[in-house]
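J.: Okay, handing you the structure first.
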Amino acid sequence: MLGWYPGHMNKARRQIKDSLPEIDVIIEVLDARLPYSSENPMLAELRGKKPCLKILSRDDLADPAVTKEWVRFYNAQEDTHAINVTTTEARTLKQIPKLVKEMAGQVRKDRAVRAMVMGIPNVGKSTLINSLAGKKIAKTGDEPAVTKRQQKIALSSGIAIVDTPGVLWPRIEDQNSAYRLATSGAIRNTAIDFLDIAMFASQELSLRYPKALMTRYKMKEMPETPEDILQLIASKRGGLKAGGVVDWHKASEVLLNDLRAGHIGRISLETPEDIPEPVSEAPEEEDQDTLSPENKNGSPNQTPE
């Protein structure tokens, strides 16, 4: 598995655990395109029974019908409320302070409601906080793990926010979740094999959103394999080298950048039905340097020469 658990994330876990006794409400920011995969089971373990507001961020990039399914799924859980938002749209953000106060219940009148914001890297936590504060307080960026330490921020709404570094757990047993995280950009580009991830993304898009994929790249018919999809993209988007040789990295980069930016359309990479059945014990595996191309649900297992 990828080595994406730097020291500051380990430190962040300890800080979160130490701070939780003073917190009234947990705000967990999820990627609306992959809510299950962007959940951190470590955070669920740490928060215990504390009320949790799950915010499905980047709603404008996700399939609205699938997002509705996720909101219903989370709202059926105990001590949990879920909403979907676009972090730059003020109208959808106004409901958050009210919800946080309602979920906190009774707190002392001489202090603000304390809310801790959690989420994996590159999910939009800092953008959300800046929008709630009405000014740039938290640092934002396109690369994961921009926030490196806890930040305490007082909002005018009577809520004190604790912003935490984005934390990815050290191992992901579900390989599909690992691939979806890499596809979305939650894992640094320097830690992934672009072609491997693009092969996975090609197959997912061809199965879930074939029309959107064909429209974006002006396909007359759907290519048979992920390799064929990338080869076609290369031919249309400047990804051919001298002699017609495919530049696989270029083709992969085009697809992943288009998907992440929403240029292919509003795409969700998973539904509640994709959540794997829990297992009592998982066999231990040796660590790997990159994501293994062999995974469930028909993910690509061949890399073009």
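Glycine is treated like the rest: Cβ placed from N, Cα and C.
It should be emphasised that the depicted structure is a prediction, and the values quoted were computed from it without experimental measurement.
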J.: Can you match one of Gly48, Gly158, Gly166 to the GTP site that TrEMBL gives for Asn122, Val123, Gly124, Lys125, Ser126, Thr127?
T.: Gly166
J.: Would you mind checking how many other C-beta atoms are within 10 angstroms of the C-beta on Gly124 (GTP binding site)?
T.: 22
J.: With H, G and I counted as helix, E and B as strand and the rest as coil, say where DSSP puts Lys125 (GTP binding site).
T.: helix
J.: Under 8 Å Cβ-Cβ from Val123 (GTP binding site), six or more apart in the same chain: what's there?
T.: Val29, Leu30, Asp31, Ser38, Ser57, Arg58, Gly166, Ala186
